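Colleague: Take this structure, written in structure tokens, and hold onto it; I'll ask about it next.
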């Protein structure tokens, strides 16, 4: 594996002198199906030297490959840090633990999820089995307590990131579940399915809180008989936790407000497969089958003080802990997203 760099006019000296941006290519040698970024922390004083010593913090990128390998790179230098072996088929999705612990979860067509610890030389910590179809998607909750996985089955699986055991099956969809995401405070989980619905769950209780149905806009689009309009492809939360973005095969990107049951914004797009919010909000990136990434302006919102308080509390309180508080019932319903 090698790194190739292409610089603009003026040569290497000018690039060094002006700090010009470089275009970098990581040659993985296989089709790349999944990507995940994480920060590699600086080595602390007194720590033993790691197998791939990096004195300064840096950005790393995990790549899920067609042959079942996971290759982890240092982005700045293009150095290959790890080749993680274990999966027997395509690695379809990757997710780093948001707490910087260098725990990586991979989802594969071999019907398993695997947990890796890059801080211990990429050791495989656990194999999670329970799906009977290819695993398409995995998402770790921001508080790093839960993992959700979707595998083209009618139910999504919710796992404990502490014991690596199955917590529950989330059953409610009528067709294959293909995407999932947690809210920024870990209090909500959304799943998207080919049944044209997004279900919003309380991951602590397994309760369905609401269903968002994708209704075709016949007046705006000219559907052909070949378009399967009920196929949802991707769902993601906005960084402040008040909006959802969805991509479906009906050629639309939709933006949903949590307190409403209909979209607040649309964008026409074709061949959409995935979507992701910019970490600081305001923009959405979408990926397509024809090899393009498109960027869209998303609604910006100033979070209310009520929502900020709820978000702050739910970051460290489970639903059961909220329900046990000596506070009015209406306040409990607000804090558990039963009312908006």
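Placed from the backbone N, Cα and C atoms, the Cβ positions cover glycine too.
Pasting the feature list from TrEMBL:
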| type | residues | note |
| --- | --- | --- |
| DOMAIN | 304-340 | domain 'SOCS box' |
| REPEAT | 61-83 | repeat 'WD' |
| REPEAT | 84-119 | repeat 'WD' |
| REPEAT | 128-169 | repeat 'WD' |
| REPEAT | 170-211 | repeat 'WD' |
| REPEAT | 225-259 | repeat 'WD' |
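Map these features onto the structure and tell me what's around them.
Modeller: Within the chain, the domain 'SOCS box' (304-340) has long-range Cβ neighbours (under 8 A, six or more residues past its boundaries) at 142-143, 184-188, 200, 202, 204-205, 209, 240-242, 258-259.
For the repeat 'WD' (61-83), the list of distant contacts is 1-3, 5, 24, 26, 28-38, 40, 52, 54, 89-94, 96, 104, 106, 108, 110, 116, 118, 121-122: same-chain residues at least six beyond its ends, Cβ to Cβ under 8 Å.
Outside the repeat 'WD' (84-119), and at least 6 residues removed from its termini, the chain residues within Cβ reach (under 8 Å) are 31, 33-41, 50, 60, 62-72, 125-129, 131-140, 142, 144, 147, 149, 151, 159, 161, 164.
Here the repeat 'WD' (128-169) has, by DSSP, the following mix of helix, strand and coil residues: 0 helix, 21 strand, 21 coil.
When Cβ-Cβ distances below 8 Å are used as the criterion, the repeat 'WD' (170-211) is approached by residues 133, 136-143, 145-146, 148-158, 229-237, 239-241, 244, 246, 248, 256, 258, 261, 274, 310-312, 314-315, 318-320, 336-338 of the same chain, each at least six residues removed from its ends.
Remote same-chain partners of the repeat 'WD' (225-259), defined as residues 6 or more beyond its termini with a Cβ less than 8 Å from a stretch Cβ, comprise 175, 178-185, 188, 190-198, 200, 212, 214, 216-217, 265-270, 272-281, 284, 286, 296, 298-299, 301, 303, 307, 311, 337, 340.
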Colleague: What is the three-state DSSP composition of the repeat 'WD' (84-119), stated as helix, strand and coil residue counts?
Modeller: 2 helix, 19 strand, 15 coil
